[in-house]
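**Q** There's a structure below that I have some questions on.
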Amino acid sequence: MQFGELVKTLAAVESTTQRTTMVKLLTSLLKRARPDEVDKIVYFVLGDLKPPWEGVELGVAEKLCLRAVSKAAGTPLSELEAVYKRTGDVGEAARRALSAAKRPGLLAFGQQKPLEVSEVYDTLLKVAKAAGEGAQDMKISLLASLFARATPEEAKYIARFVVGKLRLGVADMTLLEALSEAFGVGKEALERAYHVWPDMGKLARHVAEGRPLEEVKITPGVPVLPMLAQRLSSASEILAKLGGAAVCEYKYDGERAQIHISGGSVKIFSRRLEDITHAYPDVVKAVKESVAAGEAILEGEIVAVDPDTGDMLPFQELMHRKRKHEVAAAVESYPAVLNLFDVLYLDGEDLTGEPLIYRRLRLSEVVHETEKVSIARWRLFDDPGEVDVFFHEAVSLGMEGLVCKSPTSIYEMGARGWNWIKYKRDYKSEMIDTVDLVVVGAFYGRGKRAGLYGAFLLAAYDPQTDMFYTVCKVGSGFTDADLKKMYEVLQPYKIPHRHPRVVSKMTPDVWFTPQVVIEVIGAEITLSPLHTCCLGAVRPGVGLAIRFPRFTGRYRTDKSPEQATTPAEMVELYKRQKKVAQPE
């Protein structure tokens, strides 16, 4: 497929405000592609070259990209930088430069062979792999070779892609729907396969080649989508929901981790499926010493501890390990321990279809507990009073609360169901709990906030519809530093219209592709005719909103937009808050 054909679809997707139109455009594109192009097309649409755990990054900043455009188009770098400064869009700067360029002979577009999708993809992969001395010059040379042959519109999307600002906002669930339509594969079967093997490019090529989804199996080295929990605010409700009995375990304030063991090596993946092994060399060493298995996939929570007292530290202390050059120092200052709570795969056996109690038994058989690695403290209860005693014990030890699980539940990858329920200490707040919401819009600030965004439009994610529904407009809780950070973080996701996956009655000054997740709390959840979350779920014609919302200061970089709070959770929180909410 010619790259220009892909670019036409990308432009159409970018301009639509309808999700159904987006799916139709992508379906048509996939139908026209050869099987050996489908994976590359899917990666390009998602703005990636490989799945997140492979860690393939282009390493191209705006300045380097503009230097490559300058080299290809013969436009002075200063002119390109001026356009970029005015528009904030490196793609637009590239488009204008190549539109005005005088490229003689073979470099005149229309006279050379058009770019192919595979050709562009392979070149960008070379850009990502360029390393060591001379890597920057190599990246510029490779990119310039693409820009020299690209049409202005093609250059626009190549430039945006390489700096990580494609801004399409196409999610995996949207692509799964398009794949289902394009290749006649059942959507539910496709979703199940995706939960086991969340590599959209590889999965797309698999179905495009007509291969059966039964071949897709859980495999060490490939992270699965984690099972997620609902939330309730009383032990009696939790036990009733779980059929009278629950496995209750400490909810640690740390980083959820998938531990993959294979061939003597250990890899650690985050809940967003990113390879974070480099950040936890001490945990890798401890796992090798504590787990007696040739191949395994385990789940647990990595928690920072005080090196002097052994007391657990807040989740934020693990952020010191995110900077590669600071890991060695962080290991000394903020040592980590691993609390394991599940085993999904063990020496050739897929355990996800086995009941929780059996998985816990198998976990205890292979884990030799040490100071660094232990099994999360848990107990089986059928009495609400005993659950509450255990809950208060957990909170007094610095835990967030409990996670209560059905003893007979299987491991449902990618699902947020009622087999796992969070029971958290935030219950003392009128709103009962914090929520994780997605920034979909912003309002310009005034006074001392002038030049920045003063408030943000936030939304919940509904996995049933793959859409985002607004919950609140929040401007409280942000420090001056927070506002500056939010402005910088959100700029790559700024778009000229409401995103097709966002449902909103409010019109902010600026719209964003749903990407950034932040934690919010408020006075209460109230009925509101202004917001679209849970519209009609509690009362006809009104949705649910957060009254007096406040940013907690926590950026949920560990969560994808599709892992944000759901409308179903908002309804549960509304029902369980101490104060009965009235319409705004």
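Glycine too: its Cβ is placed from the backbone N, Cα and C atoms.
Here's the feature list from Swiss-Prot:
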ACT_SITE  LYS251  active site, N6-AMP-lysine intermediate
BINDING   GLU249, ARG256, ARG271, GLU301, PHE341, ARG416, LYS422  ATP binding site
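Neighbours and distances for these, please.
**A** LYS251 (active site, N6-AMP-lysine intermediate) is surrounded by 23 other CB atoms, counting those within 10 A of its CB over all protein chains shown.
In the three-state DSSP assignment, the secondary structure recorded for GLU301 (ATP binding site) is strand. Its Cβ placed at the centre, GLU301 (ATP binding site) has 22 other Cβ atoms within 10 Å.
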**Q** Name, in the order they occur in the sequence, the residues of the same chain whose CB lies under 8 A from the CB of LYS422 (ATP binding site) and which sit 6 or more residues away.
**A** ALA229, GLN230, ARG231, LEU232, LYS251, GLY401, LEU402, VAL403, CYS404
**Q** Which of the three DSSP states, helix, strand or coil, fits ARG271 (ATP binding site)?
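**A** In three-state terms, ARG271 (ATP binding site) counts as coil.
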**Q** Which residues, sitting 6 or more apart from ARG271 (ATP binding site) on the same chain, put a CB under 8 Å from its CB?
**A** PRO226, GLU255, ARG256, ASP558, LYS559, GLN563
